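The ATP binding site annotation in TrEMBL covers 344. The domain 'Cyclic nucleotide-binding' annotation in TrEMBL covers 1-60, 69-185, 188-304. Here TrEMBL flags 317-572 as domain 'Protein kinase'. Annotation source TrEMBL lists domain 'AGC-kinase C-terminal' at 573-626.
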């Protein structure tokens, strides 16, 4: 790299240059000359903008998502906010605002630095690149608590409360809606109306705790319900073993709102956390008349899928039947203390031979964090010298794939709408937690005893940063998104492509891109070449066309509106999403189940009934954290 004939820098393999071209069309500041044969990857501003939007918006988003007061905003809302911010410049010594003035704007520092002082001129803090100040102006009209002036010549991004409210609505209302959505996912509170949930939202108080602190302890009398707003908590069992991890929107202690009973487990802060707390007195004051209804709801909520608190061994479980078998191991129906579960048994030898130790541990950790009526939930996990075991809730209706195969005709659009909605709520739950599933197909959907679908098999599930990508080729060929086929990097958007494939297959009876020649099929996927059956409604055609879009920036579910755009599509017009979330909707098909030990809806070969995966592998730490 030379400037006016003088060398200013040498760049080697893995280095980059010319990045300012992504921001503006200013002249090059240096000349780049190849010393030898060089291969470079190039990215033009137009392509970058098509994929991610202007780079300034991406930088603003990365900064905004670290602002504590904005943590309740979704990824899409943060991008909207980034786009409505204005550039402002200040000279060294210039005052931005004074203590006592009413706040109207908040600022993100782009260049330079600022000094924050009190009335006496004492410096309280400094603010530099990527940091923000004045953010409370978005929440209320209180007077500024300090004076801010530029220490150097500086540039900021500014947003007024009026602009914020115009583009996104009131921040206070957004925070309440985040709380509302979190409450909507608490099974114990499904009997509440929307108005009652909104009333509860205003009664929460914020509590902050440091890493290592106990939020609740087993055996203590509980009188407070918690929703985790920021950070991570760990649930600890009787013997100190980790039962699971909790992330944002997770909740615990809900029974304390209704019953004066000891806490069933200890929950500690795994990182610095911010919690929303609701005491029993406030709950009773607001919703006292509903106590009897909620008590009956609580009785129904005491289900076999509650976590098992002790560390199990295989001898604790009574074998009942084999539900399925594969290369890694098998799934069996087991009984423990009168309750029935599905036990997934994995051969350690096979896992080690295929190098999938971290892959399997990631699956267990993610399942430990999940708790949704639209996912198969993990109850416990343990291991012995030759196998890994995951105890999961039992879903007795069999595979959705089997149900589709046994039908005489494809599903009607009404039937497909119900099943698609179940999958969408499951994906919404995972995506809210930053997890891409990456393995949608009918074989990985189970039907419960009431006819609702539950997502199972999280072997390919992975946490991906909001603006990040991952490059592993995984999934089922017919359901792969173009970005997976080309291995150009993918994120949660790949799941929305798969939703389009699933809906098409449910109504047509076959997937849209299927061909016996895999190369031809992958070519069709990448070019989005498929035919739409004539019996598809206009609304269904539009939905599938908007899901099966190659560019993720234009794919439904991946744009600014996120999952809301999928739910609000005309094909779902009139669909009661709240009723489905509360499992109050009638399913189009209810499987025949004769009792808690019935396994008749699973088709298992005689060979699978007797298959055993008992190759010994004495663990030397590979599975220490399982």
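Using the three backbone atoms N, Cα and C, a Cβ is placed for every residue, glycine included.
According to DSSP, the residue listed as 'ATP binding site' is assigned to a strand segment. In the predicted structure, the domain 'Protein kinase' (317-572) carries a mean pLDDT of 91.
Taking a C-beta cut-off of under 8 angstroms and a sequence separation of 6 or more, residue 344 (ATP binding site) has the following same-chain neighbours: 329, 330, 331, 389, 390, 392.
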